[in-house]
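Take a look at the structure below.
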Amino acid sequence: MMSSPAKAAKLALEDGTVYTGTSLGAEGETTGEVVFNTSMTGYQEILTDPSYRGQLVTMTYPEMGNYGINSIDLENRGTSLAGFIIRNESRMHSNYRSEGSLSDYLNSQGVVGIAGIDTRALVRRIRSEGAMRGVLSTTDLDDASLVAKAKASPGLVGRDLVQEVMPTQLEKWTNELDDWTIREIREAAKDASIGDDSRPHVVCMDFGMKWNIPRHLRSRGNRVTIVPGNASADDILKMDPDGVFLSNGPGDPEPLTYAHKAIGELLGQVPVFGICLGHQLLSVACGAKTFKLKFGHRGANQPVLDLETGKVEITSQNHGFAVDDQGLPDCLEVTHRNLNDDTIAGVRHKDTGAFAVQYHPEAAAGPHDSHYLFSRFQEQLNEKCGVTA
């Protein structure tokens, strides 16, 4: 029996460039900022990372879907990205954990995708011209119409995308990491207690958090409570936390004034650790400014220099904005730098010890070079709680 021909799909950029390919996943039309990710694997974690809200994600590696989709590697309840762009989907998915194909998962989540285009040419254009607005469609295949829609679509600057992905109520988190990673962490931390009410209590401000973050915190023996990203400092302090974690999330940190206020009021009262958007929000709360990168940092192979130790970490990153060196407040010390473009990749508050990094130490997916940052936070939590690890 012959299979039916693949349905056509088109991707149009605001500069007038149009790419024609085949439909992948759900049919329909979607707009967003066209960006690229250089990871070879980890597409499931990328699909379920809320930080990609409002973005059409292009994978630079040409073959996707070869190990399928499973229910274990999800980083949130569903997908958040605007659309998915690849060169080719593997016709076979083979892995002992695989529960379905990439295209079937995209279809079940209502994600519009495109395959069969020259992703190398697309990425070179984004790299040269910068990330730009685009429209991906299987229903409207008229080039002029699509380009007009791309030009009329909203960008990321000035939009509060966190409101679209953060939880609506608090949650007690109990899930841990897989057994192998737990053994690795506890051996390094010499800490084997889990669930004891005397253990440190971490409140996570969820701006679009990946689930591997609370898994890391929980697997170190902490009690973990997740609150919406718009929670006030008063509400958080009423929970009697021993530390506050500022999560990753999508988009521009500047319009999140509710978060700036809460973080500013928390500084000095409890230990604070932030990553990705949380890094930017901590910096802005201290008086720093941010700016939009030309095409962002997205991938699992970004080199970062630890200025204190001189060591280089290979990190997983996903952000389109960065903290500006110009006008950095005196209270903040730069601790890490991205070796690709020398942008700020980590800061520490000189007076309170609060710290944050622009990358993802939880490594889902990605290298494990930066797990030590969770241990550093744990030391602060234990000291605050009076626990001897």
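Just so it is clear, glycine is given a Cβ too, placed from its N, Cα and C backbone atoms.
Per Swiss-Prot, the features are:
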ACT_SITE  C276  active site, nucleophile
ACT_SITE  H360  active site
ACT_SITE  E362  active site
BINDING   S51, G249, G251, L277, Q280, N318, G320, F321  L-glutamine binding site
DOMAIN    201-387  domain 'Glutamine amidotransferase type-1'
REGION    1-197  region 'CPSase'
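Geometry remark: F321 (L-glutamine binding site) versus H360 (active site), CA distance 15 Å. Separating the Cα atoms of H360 (active site) and N318 (L-glutamine binding site) is a whole-number distance of 8 Å. DSSP assigns L277 (L-glutamine binding site) to a helical segment in the three-state reduction. Annotated pair E362 (active site) and Q280 (L-glutamine binding site), C-alpha to C-alpha distance, rounded: 17 Å.
For the domain 'Glutamine amidotransferase type-1' (201-387), the model's average pLDDT works out to 95. Put simply, C276 (active site, nucleophile) is 7 Å from G249 (L-glutamine binding site) when counted between their Cα atoms. Contacts of S51 (L-glutamine binding site) defined by a Cβ separation under 8 A and a same-chain sequence distance of 6+ are given as S80, G208, K210, N248, G249, P250, C276, L277, N318, H319, in order along the sequence. Annotated L-glutamine site S51, G249, G251, L277, Q280, N318, G320, F321; additional same-chain residues within 8 Å of its Cβ mean position, judged by their own Cβ, are N248, P250, D252, P253, C276, H319. When the Cα positions of S51, G249, G251, L277, Q280, N318, G320, F321 are compared pair by pair, the longest gap among these L-glutamine-binding residues is 13 Å.
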